[in-house]
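Enquirer: As listed in Swiss-Prot for this protein:
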| type | residues | note |
| --- | --- | --- |
| ACT_SITE | Glu80 | active site |
| ACT_SITE | Asp108 | active site |
| SITE | Leu28 | site 'Important for efficient shutoff activity' |
| SITE | Leu65 | site 'Important for efficient shutoff activity' |
| SITE | Lys195 | site 'Important for efficient shutoff activity and nuclear localization' |
| SITE | Lys198 | site 'Important for efficient shutoff activity and nuclear localization' |
| SITE | Lys199 | site 'Important for efficient shutoff activity and nuclear localization' |
| SITE | Lys202 | site 'Important for efficient shutoff activity' |
| SITE | Lys203 | site 'Important for efficient shutoff activity' |
| SITE | Lys206 | site 'Important for efficient shutoff activity' |
Amino acid sequence: MEDFVRQCFNPMIVELAEKAMKEYGEDLKIETNKFAAICTHLEICFMYSDFHFINEQGESIVVELDDPNALLKHRFEIIEGRDRTMAWTVVNSICNTTGAEKPKFLPDLYDYKENRFIEIGVTRREVHIYYLEKANKIKSENTHIHIFSFTGEEMATKADYTLDDESRARIKTRLFTIRQEMANRGLWDSFVSPKEAKKQLKKDLKSQELCAGLPTKVSRRTSPALRILEPMWMDSNRTAALRASFLKCPKK
C-alpha cells in the first residue's frame, strides 16, 4: 500500500501526509491504510478549493486560466494540511475577521462566499452513516459538512453541495480512479476491512514489491491549493523551483 500511495499521489501531498502522521506519532510503515486515507483526504480538500474564486462583484466563479487583470479573491481558505498550531492560528484569524463562531474541532476549509467552515469527509462506507458520525462529533450548525464516497455518492448539510456539478464530478472521478487502481492491485479489500488490512500488512512485511506502473491518467500536476501551502513546509530551493503562475498547471 505504501508504494502505491507514493506513486498514486502528488509528492507534496505525500509529504504533507507524512508530516501529519509524524505529528500524531503514527508510523506510516504500519498504518499504511491511514497513510492512504490521509493522502486521499488531503487531495480532495485541495481539489475542492482549486480554481474557485470570488470576483469584484462578490460572485463565486471558476477560473482555470491565468488572467493577470482579474481582481480575484480565493473563495476557500485551506486549513487542512497545516500543522495544528498554524491551523488554529488561521482559524482564529478568520473568526476575528469575519465574526464566525470558533469551531471546537479543526475544520478543513473556510468558505468566504457562504461565510462558513467546511468539514470534508471521504468514506469507504455508507455516506449517511459517516455523515451522522461527523455531525454527532462536531455538534455545530455553523460547520458545513460535505461527505464523498468512493462509489460516487455524496451527502451535505441541508443538501447544499457548495460546488458546481463539474467540480464535484471531478472529485468523484478521482475517488473512483483511486478505488479502481487499489482493486487492480488487490489493495481495496484491505483498505475497507480492518481484518483484511492485517492480512495485507503481514503480506507487505514479507514482500516489499514495488507497485506496478500506474495509469497515465493519474495527475502529477501541482494543485494551485498546494502552491498556497508551499511556503509553510517546503525549503526555499524547492519552493522557488515549483513557484509558477498560480493557475498554470503543467500538462503532460
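Count begins at 1; order follows the chain as displayed.
Cβ from N, Cα, C; glycine included.
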Enquirer: Compute the C-alpha separation of Asp108 (active site) from Glu80 (active site), stating it in Å without decimals.
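Expert: Per the Cα atoms, Asp108 (active site) and Glu80 (active site) stand 5 Å apart.
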Enquirer: Can you count the other CB atoms that lie within 10 A of the CB of Asp108 (active site)?
Expert: 23
Enquirer: What is the interatomic distance between the Cα atoms of Glu80 (active site) and Leu28 (site 'Important for efficient shutoff activity'), given in whole Å?
Expert: 19
Enquirer: Tell me, how many other CB atoms lie within 10 A of the CB of Glu80 (active site), whichever protein chain they belong to?
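Expert: The answer is 24.
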Enquirer: Just to confirm: which same-chain residues, 6+ apart in sequence, have a Cβ under 8 Å from the Cβ of Leu28 (site 'Important for efficient shutoff activity')?
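Expert: Non-local contacts for Leu28 (site 'Important for efficient shutoff activity'): Glu2, Ala17, Glu18, Met21, Lys34, Phe35.
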